[in-house]
Amino acid sequence: MSQYIGKTISLISVTDNRYVGLLEDIDSEKGTVTLKEVRCFGTEGRKNWGPEEIYPNPTVYNSVKFNGSEVKDLSILDANINDIQPVVPQMMPPASQFPPQQAQSPPQAQAQAHVQTNPQVPKPESNVPAAVAGYGVYTPTSTETATASMNDKSTPQDTNVNSQSRERGKNGENEPKYQRNKNRSSNRPPQSNRNFKVDIPNEDFDFQSNNAKFTKGDSTDVEKEKELESAVHKQDESDEQFYNKKSSFFDTISTSTETNTNMRWQEEKMLNVDTFGQASARPRFHSRGLGRGRGNYRGNRGNRGRGGQRGNYQNRNNYQNDSGAYQNQNDSYSRPANQFSQPPSNVEF
């Protein structure tokens, strides 16, 4: 490939931009192509002259390195590099209709320029450059110039500040107050607290007085140790008084193993009677279903209430003194009134 060094090369990138320059180096291992005296001719109608169309750039770059993945087409031209002109449309629109755009720069062009000669590229005074001889009206875009736009942002943009201030002056009434204050506060330099003062002592530090405080604390520790020793000594003297079994109350109580705690049920019954009364000695039957009996005596309604004992049979023997009649439900008969002035003797209450 050395026979092609110095030949005029026409290279079309994946973004449809055409670059023309002299072949400087080809690295087959890294897959790179290096051109010198490179000019960008733009897309030359490959975008159908629409809004994405990129127009020629008059800037000449000393050296540009292209990666193989960035190259779409490459051809060798026999013509002189100065005789090659970009393809421009016959009817160019006026310069006022083109949007403001940044100059198109080839990939890695700026890096190579800094390494070799660092050429100074003149910046246009207006957003739309004037017509270039042989190139027609040139209006580059900013969609494919990330590197150039970043470098432009690093320089102070006086024109953008003036335009923003004009727009802010027009729309000042509609702009929120907090945004105005935010813009003002962001431009102010940070202020330091000048009223802050540090108290600086005029005298030297007194080490003797501070050491005396520590020695005083040591004396208090000695006194505390003496108090603890005296308290321990008194406790030792009190331990000499042994336990007296004769005068102790708990030694007279017998243990459960010496006497038999199993009492007969008669003794337990008598103990319950003495403690809880006669009601505790009554037998308690809890068998249900064997029988049910009520023996009630009502005299003038209210002398006695319900009182009875549930036994093993069911029988009702009732005596009512209201009407003077004796009724026995088991006999199923009734006697005339006033026949008995007193209840019969055979009635059990």
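Including glycine, each Cβ sits where the backbone N, Cα and C put it.
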Consult Swiss-Prot and report the residue, out of R46, R301, R310, annotated as asymmetric dimethylarginine.
R310
Which listed span Swiss-Prot calls motif 'TFG box', if the choices are 50-70, 260-280:
260-280
Which residue, chosen from R166, R180, R194, R294, is annotated asymmetric dimethylarginine in Swiss-Prot?
R294
Residue from R168, R184, R306 to which Swiss-Prot assigns asymmetric dimethylarginine:
R306
Residues satisfying Cβ distance under 8 Å from S2 (N-acetylserine), sequence separation of at least 6:
none
Please work out the mean pLDDT for the residues of the motif 'FFD box' (241-257).
59
